[in-house]
Amino acid sequence: MKIVGLPTLSDNYTWVIQSENADDKRAWIVDPGESQKVIHYFEENQLQLDGILLTHHHYDHTDGIMGVMDALGEVAIVSNAQGPFKPVTHPVKEGDQVQVLNETFQVIETPGHTDEHICFYHPEALFSGDTLFTGGCGKIWQNPPEQMAESLLKLRALNDDCMVYCGHEYTYANLNFAKIAEPNTPAILDRLAEVKTNTQRNIPCVPARLGLEKQTNPFLRFDHPPLMQTLMERQAQPNESVSTLFATLRAWKDELDQTNILEAGLND
């Protein structure tokens, strides 16, 4: 299995899943937020569109679907059975399996960013959409914090060597926040230095090993004792429940997202 990332819109990724066999021209795409880059890549590489995986319904993950199929042909659209996106042809739910080329992906329901959000898991690859980012996690809008916390803990239980293919490139800002949340964690400082260099050189920071996320992503570490203590100190009434810890962490990140502090320093 070969996975290629196509940068789309301002900071999105559409993922192309291809065969390692050069004679097999079938390929799937994940979360096409726009069509032209996908069409160009398929035509340039003489690929045949075989199917589409959708993690959730937001426009920046779905707006390219019709344009892609107009150009490359209609195919199966696989997404959550409960989602509002009507063109889904193959609805799936927790525990279902999806055959992609010669590989099998497991469907994991991860509500939080949206009600119907799902991830597609293979021991080598996790398409995490806007649930788990490199160094961070997706925003929660109207859903309860405990939903997202539980979804992230489900993903944390997956194998360390799995590569995380998320929906956006937010790695530098996310790790700047991780440094603020856990300032004395060497793994975070080392990763931030590497990510800063790569970002300055326009080298993608996605994908990343899930094992590295477990070491450096505060949204997979909110129940880690030192970070727990920091979060409880930010609460009016200290509470170590998973939902409250996560909500405190997410609110802290949201607060800093309103400033430019997390994007600063790239030109230093």
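Just so you know, glycine gets a Cβ as well, placed from its N, Cα and C.
Residues annotated as Zn(2+) 1 binding site in Swiss-Prot, with sequence analysis given as evidence: H56, H58, H113, D130. Summarising the environment of H56 (Zn(2+) 1 binding site), the number of other Cβ atoms within 10 Å of its Cβ, over all protein chains shown, is 26.
Annotation comment: Swiss-Prot describes D60, H61, D130, H168 as Zn(2+) 2 binding site, evidence class sequence analysis. Within 10 Å of the C-beta of D130 (Zn(2+) 1 binding site) there are 23 other C-beta atoms, taking all protein chains into account.
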Residues satisfying Cβ distance under 8 Å from H168 (Zn(2+) 2 binding site), sequence separation of at least 6: D11, N12, Y13, D130, F133
Rounded Cα separation (Å) that holds between H113 (Zn(2+) 1 binding site) and H61 (Zn(2+) 2 binding site): 13
Residues that sit under 8 angstroms from H61 (Zn(2+) 2 binding site) by C-beta distance, when 6+ apart in the chain: N12, D31, P32, G33, L54, T55, G129, D130, G167
Three-state secondary structure, D60 (Zn(2+) 2 binding site) (per DSSP): helix
Proximal but sequence-remote residues of the same chain as D60 (Zn(2+) 2 binding site) (Cβ under 8 Å, at least 6 apart): L9, N12, G33, G167
